[in-house]
Amino acid sequence: MQRAAMYEEGPPPSYESVVSAAPVAAALGSPFDAPLDPPFVPPRYLRPTGGRNSIRYSELAPLFDTTRVYLVDNKSTDVASLNYQNDHSNFLTTVIQNNDYSPGEASTQTINLDDRSHWGGDLKTILHTNMPNVNEFMFTNKFKARVMVSRSLTKDKQVELKYEWVEFTLPEGNYSETMTIDLMNNAIVEHYLKVGRQNGVLESDIGVKFDTRNFRLGFDPVTGLVMPGVYTNEAFHPDIILLPGCGVDFTHSRLSNLLGIRKRQPFQEGFRITYDDLEGGNIPALLDVDAYQASLKDDTEQGGDGAGGGNNSGSGAEENSNAAAAAMQPVEDMNDHAIRGDTFATRAEEKRAEAEAAAEAAAPAAQPEVEKPQKKPVIKPLTEDSKKRSYNLISNDSTFTQYRSWYLAYNYGDPQTGIRSWTLLCTPDVTCGSEQVYWSLPDMMQDPVTFRSTSQISNFPVVGAELLPVHSKSFYNDQAVYSQLIRQFTSLTHVFNRFPENQILARPPAPTITTVSENVPALTDHGTLPLRNSIGGVQRVTITDARRRTCPYVYKALGIVSPRVLSSRTF
């Protein structure tokens, strides 16, 4: 019977050492000179590596969980040879950090993770962007509006109006909410100066306006007018003002997020607001203050004329009474200015009061005035401003204008069938709705089960996701309108207030809560992701937006991957 070999206590020797020791032992006459059968060795013990958690790189000794892979977007050695045609959102980087390796040589190297184990990598990323809030890439610098482009007379003297949908483009930049609204209004006015004015369109026909006021403040339900004669110059919420035939279209624009106007079903196609949609949002007309004050002044003058006629008949008596009062006026001495202890009146004032009382007693009794019917004050709507621009009243006897406000229709219109039923008033987002970004490491991470391997950037498997690091920052400025007025004279921003005499076309007031767009670096921990067992020396890193496009506004992209064993592959 074949006897088993005896070994010292400890870990079993390797298979190669046992096989090579058998002939030597037989030659020396060892008791174990019988030929040995190959022992059974489990598959997980077949390799002379440093362990199941070993990481082998090139000809170096195996390492144990000490390797970190750094993904850097602007390594100087990678720029000329790997990234000359790439940007910070789609780049190649060498993960072999030896200085004596060129990018070409590093691309031939690999980092091998022990294939008897399942490996994962803890992925942490740092992302920094420098994206303005108004730009073409994010569809935030354009919007469409339906405006009047022509006014003419037909052969039978009928007014013919022509409307067209026009696309307006804003200059790119990082603007506050107030400045963006001013630029939108300025784009409409510039189109009027270029097209509408040349075709007979009046200034009062500018039918699209973005504002921030509540035009119903000061509304009197009895007269149906805004009784102060002016609209309250206070910002409440961004608003859209339309004339008949006009409208705005945000189907391919994200500027509606800046205005705080959204759809209740945001995933439905199209976003167009027309004049007919704003039913119940007509802006009330202003009181004609000049006519009202003139009517009151006429009543006063008529009353004064009647009294004057009575006094003229007794002009001699009036002169005599005045002369008597002058004669009775005492000569003031030095003690007349002393203040007594029981009253604040001086002696001179007391004497003067006594003289006036004596003069009234000496004057003849005044004739009783004949009461006349008092004239009612004139209360009528203001039809035009001081520059003869019409306020577009619905009719001569109406107290409402043809202008319709989205804000008024939303708050005062029918909530069941009006604009409130399918639009939503929300907080203005000066970032115009920041989207998400996706991280892809196609050469390092195993493809998730929901993706398949591909070479197209727009279809790279996604291994991480985060919000675009662009935030809306708000602060309170109680003197916003005052600052706006000062800047109008110092920075010459009166170009945004081309019609200051018109209460509707005037520049909208700045809100007290000012919001700006800010790029804030983001540090994100994406958790543990499954790694490939063989990692190439050159890795591709791709950051795509919600439409799976590389983002040119990525300013810095860093990634750190820490490999570790997740579980055994052979158990």
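From the backbone N, Cα and C atoms, a Cβ is placed for every residue, glycine too.
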Candidate set S14, S54, S455, residue annotated phosphoserine in Swiss-Prot: S455
Candidate ranges 199-235, 347-383, 532-568 [criterion: Swiss-Prot lists as region 'Disordered']: 347-383
Residues satisfying Cβ distance under 8 Å from S455 (phosphoserine), sequence separation of at least 6: none
